[in-house]
């Protein structure tokens, strides 16, 4: 008799994706982030569900309802901070996951990679809309600034902004629609994640040296299930340390002031995970140019398969490319730092140089270096 795990129409899908999946024997901890992202998504949907039970999407009561959750709802404070800091953990895992893909050449799985880029955009959109909901000062002004960027689009820009905001300014209509869209997007992300997984399972995982692992496969369970559980425990440990010891470390003090359309904060900045893109946006003095650079800074990921000139897939045996990769990481950290600084003398020029460096590294230096490495190896 066949095992029910392998014959049942639903169970065999789970079996082929998480139990009997043939996995390379040599994948490192950098391959843990996919499962961690899944855990983050489930955690965000669950905490979000409980928050939505007590939250009111109305300009008059939104701020008070969040305060009420923290003060009066049983364990409301921990649910709220797990949701807020869960987003930070989500983005840390996302950046690590994308960085792994860049380093080990995983972008040669085109469908998986492209769905991944769409997932990144969807997650950023969700985080942005969720950011507005507590209706604090920085939430309000951050959203006002970012939505107004759309007015830079020629011909339709101004109408588009008014259409998204549901009026001339951020108001009750905006808050309601952002809440609705923030509630539905995570489920679209979950559906996309399943597609991402289906395509990844179709080709099999990549591995550190970037070579075929068909000759040496091991079952996903128990080897990688136990490894993923360890990763999950470390993720939850990090999240709970943040939630219980420094819940506001990554937030902005301005958000403890209710939104006031008549009072602009001195330095408007988004959450830390958008700062690198915000720095690129600010470093270009032209509005439309800035918006284009902002979108391209993430959309450039789609070009990665086209920019791959090396005869080797992974960077494991390419020391010069490795140097450039880590320079790119340092550059992104610099941009993140600059995005949180005021627009004044030393920061402006540093931001502009870091932005130029970002595009130069990806579009010019890395492909050229790959060619040089091919020649050095006489390939």
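Cβ atoms are placed via backbone N, Cα and C, with glycine included.
Feature list (source: Swiss-Prot):
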{"type": "TRANSMEM", "residues": "33-53", "note": "transmembrane segment"}
{"type": "TRANSMEM", "residues": "77-98", "note": "transmembrane segment"}
{"type": "BINDING", "residues": "83, 182", "note": "heme b b562 binding site"}
{"type": "BINDING", "residues": "97, 196", "note": "heme b b566 binding site"}
{"type": "TRANSMEM", "residues": "113-133", "note": "transmembrane segment"}
{"type": "TRANSMEM", "residues": "178-198", "note": "transmembrane segment"}
{"type": "TRANSMEM", "residues": "226-246", "note": "transmembrane segment"}
{"type": "TRANSMEM", "residues": "288-308", "note": "transmembrane segment"}
{"type": "TRANSMEM", "residues": "320-340", "note": "transmembrane segment"}
{"type": "TRANSMEM", "residues": "347-367", "note": "transmembrane segment"}
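Structural mapping of features recorded in Swiss-Prot.
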| residue | record | DSSP (3 states) |
| --- | --- | --- |
| 83 | heme b b562 binding site | helix |
| 97 | heme b b566 binding site | helix |
| 182 | heme b b562 binding site | helix |
| 196 | heme b b566 binding site | helix |
Expressed in Å to no decimal places, the gap between the Cα atoms of residue 83 (heme b b562 binding site) and residue 97 (heme b b566 binding site) is 21
Do at least three CB pairs under 8 A connect the transmembrane segment (320-340) and the transmembrane segment (226-246), leaving out pairs fewer than 6 apart in sequence? no
CB within-chain contacts under 8 A for residue 196 (heme b b566 binding site), separation at least 6: 112, 115, 116, 119
Restricting to the same chain and to residues at least six past its boundaries, which positions have a Cβ under 8 Å from a Cβ of the transmembrane segment (113-133)? 48, 55, 57, 62, 66, 87, 90-91, 94, 97-98, 101, 106-107, 139-140, 142-143, 146, 170, 174-175, 178-179, 181-182, 185-186, 188-189, 192-193, 195-196, 199, 270-271, 273-274, 298-299, 301-302, 304-305
For residue 182 (heme b b562 binding site), list the number of other Cβ atoms lying within 10 Å of its Cβ atom. 21
Residues that sit under 8 angstroms from residue 97 (heme b b566 binding site) by C-beta distance, when 6+ apart in the chain: 33, 34, 37, 116
Let me check the 10 A CB neighbour count of residue 83 (heme b b562 binding site). How many other CB atoms are there? 21
Counting Cβ pairs closer than 8 Å to the transmembrane segment (288-308), the top stretch among 77-98, 320-340, 347-367 is 347-367
State the residues, same chain only, that lie 6 or more residues beyond the ends of the transmembrane segment (77-98) and have a CB under 8 A from a CB inside it; answer 'none' if no residue qualifies. 30, 33-34, 36-37, 40-41, 43-44, 47-48, 50-51, 66, 69-71, 116, 120, 123, 127, 130, 235, 238-239, 242-244, 247, 250-251, 271-273, 301
